[in-house]
C-alpha cells in the first residue's frame, strides 16, 4: 500500500507535499502524522524523506541524533543516505567532535568523510588490540614462569622416581614442557586444563618401549588413582597392568610425599 497514492487526511496534508511521503508501512506512519509534533512530521516538513524511510525501516520511529538533524535543516542540508549519516554521526561522537557544528554534521561528501573516520577508528582499535595482546602475552609469560616455579617446588621430590614391571616404565612428568608434550602426544587435556597447577595431583606417564601408552593421575591426599587415560582418553591394552603397578607402589609415593 502506497499512501502517496491515497487521498490523505487534512492533518496529513499540513505536514507537507504528498509526493515527499516515502513508500513504507502506512499504518504507523499515518497514526504518527495525525498526532503531529513528532519526528515523522518534522522529516516531511523539512523534505528529509530518506531519514523518514530509515526511521520506519529500522522500527526506531525517532531521530537518533535530533540536535544534529536540526542543524542540517537550519543549513538546508538534505540527508541523502540516512543510514550512513547516522553511522557518520556516531563516528563523530567517537572522536568527540562537536555534533552541533554544521562543519561536521553537514559534510559535502558524506561517504568520503564516513570512510575516512571509519579507517581512522579501525586503525586506533587495531593499535589497541595489539597493545592488549602485548600486555596479555607479558602476563601469560609471567604466569607461566610462576607456574613453572610452583610446579618445581611442589613436585621436585618425585623427580627421578620410576615404577617398573611387565615391560612398563612409569615416571612422573617433571616439567610444564613435558605436560605440553604429553597432552599433544596423547590428545587429551592434561596440559590444556593446566594439571601442572593442581597441588594435589601427581601426574605420571606410562611408557612401553619408547611409546607413551597412558597418563595417570594420583591424588596426593587420598592416594587413589583418579584416572589413567590412553590416547584420546581411551584405554590401552596395558591399562590393568598400569593400575596394578601404581597401586602396588603407592607406598613409595606416600613416602616421597611425607
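The backbone N, Cα and C atoms fix where each Cβ goes, glycine too.
From a predicted model like this one, the values you see are computed outputs, not experimental measurements.
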Query: Which one of 114-141, 142-169, 170-197 shows up in TrEMBL as coiled coil?
result: 114-141
- prompt: Between 1-20, 21-40, which stretch does TrEMBL give the note region 'Disordered'?
  reply: 1-20
